[in-house]
Amino acid sequence: KGLENHTVGSGFILLGFSGHSSLQGLCFAAFLVIYLVVLTGNSLIALITVVDSSLHSPMYFFLRNLSFLEVCYTSVTLPKMLVGFLMEDGRISFLGCAAQLYFLVLLGSIESLLLAAMAYDRYTAICDPLRYTLIMSRGLCIRLVVGSWIAVVPVQVGQTYQVFTLPFCASHDLHHFFCDVPPLLELACADTSWHRVMLYTIILVFAILPFSLIVISYIQIIRAILKIPSALGRHKTFSTCSSHLGVVTLFYGSATVTYLKQRPRDSVDADKYLALLYIIVTPMFNPVIYSLRNKEVRIALKR
């Protein structure tokens, strides 16, 4: 009990790039630029899809919510990382770590469900275009977004509570850039089998299941595209969907490998660098993929 209280009082130390002290300045500059790109790009998409009446379709409604999530998602981890690089101090309080973990897994799970909703939107638009406006009504879009929040919030509250009621060992060194479930479980001085089962169940429900629905949607979409007689029409339709598919592959692929693969002690460096893909790279490329490759967004941006 005394050891647990000591951990609560002193918090954790995020090691991050601590083994490469000569790169701290370079890392600060690089991650600052990335953060500004994420904030500017995603905020611009959200603003354009609100003020431009031509972008008030369901697809851009989901895109606006995705951009909002990306801004919040990166803001949970990157500011703390930047402070750590600048001050060369990776300390984070117990409550700060708990809050970071909660919002990280919360926003990540919601984004996973939102990507599945976007795939369903594309499936309906391409495979059932005559009934698209009837099926993808504004009410349904709102229910899908609100339902994602309602489904995820209590689950992630429970997971965060379970992790932070564990007794932690004397070492407070967290071999990661931010507070995440797998590295925190590595520090626990108790049997974490149940916690890992809980983690895998959450990954199954909020990652693998949505990804499976996305794959099924795109199989139907590809079948519909192959039936288009015009080669130009096939190319245009597939180009629209390939943007979403690119984001999906990067997000689900890196996140699933990070959380589900076995974690030998010598793999902690690989794990934390892999985590940067879904924490930083996906939010950074989201505005590029959805705006520069989208004619309607480019026209709205010029206006």
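Backbone N, Cα and C define each Cβ position, glycine as well.
The transmembrane segment annotation in TrEMBL covers 23-50 (among others).
Residues annotated as domain 'G-protein coupled receptors family 1 profile' in TrEMBL: 41-290.
The transmembrane segment annotation in TrEMBL covers 62-87 (among others).
Per TrEMBL, the feature transmembrane segment maps to 99-120 (among others). Residues of the same chain lying 6 or more positions beyond the ends of the transmembrane segment (99-120) and with a Cβ under 8 Å from any Cβ of it are 59, 62-63, 65-66, 69-70, 72-73, 76-77, 80, 92, 141, 144-145, 148-149, 151-153, 155-157, 159-160, 163-164, 178-181, 184, 202, 206-207, 210-211, 213-214, 217-218, 244, 247-248, 251-252, 255, 278.
TrEMBL lists 140-157 (among others) with the feature transmembrane segment.
As annotated by TrEMBL, transmembrane segment applies to 197-221 (among others). Beyond its flanks by at least six residues, the transmembrane segment (197-221) meets 105, 109, 112-113, 115-116, 119-120, 122-123, 126-127, 152, 155-156, 159, 162, 181-182, 185, 241, 245, 248, 252, 255-256, 259-260 of its own chain at Cβ-Cβ distances under 8 Å.
Within its own chain, the transmembrane segment (242-261) is flanked in space by residues 108, 111-112, 115, 118-119, 122, 181-182, 199-200, 203, 207-208, 211, 214, 218, 271, 274-275, 277-278, 281-282, 285-286, 289-290, 293-294, which lie at least six positions past its ends and keep a Cβ under 8 Å from the stretch. The feature transmembrane segment is assigned by TrEMBL to 242-261 (among others).
Under 8 Å from some Cβ of the transmembrane segment (273-292) lie the Cβ atoms of residues 31, 34, 37-38, 41-42, 44-45, 63, 66-67, 70-71, 73-74, 77-78, 108, 176-178, 180, 243, 246-247, 250-251, 253-255, 257-258, 298, 301, all in the same chain and six or more residues away from its ends. Residues or ranges marked as transmembrane segment by TrEMBL: 273-292 (among others).
In the predicted model, the domain 'G-protein coupled receptors family 1 profile' (41-290) shows an average pLDDT of 86.
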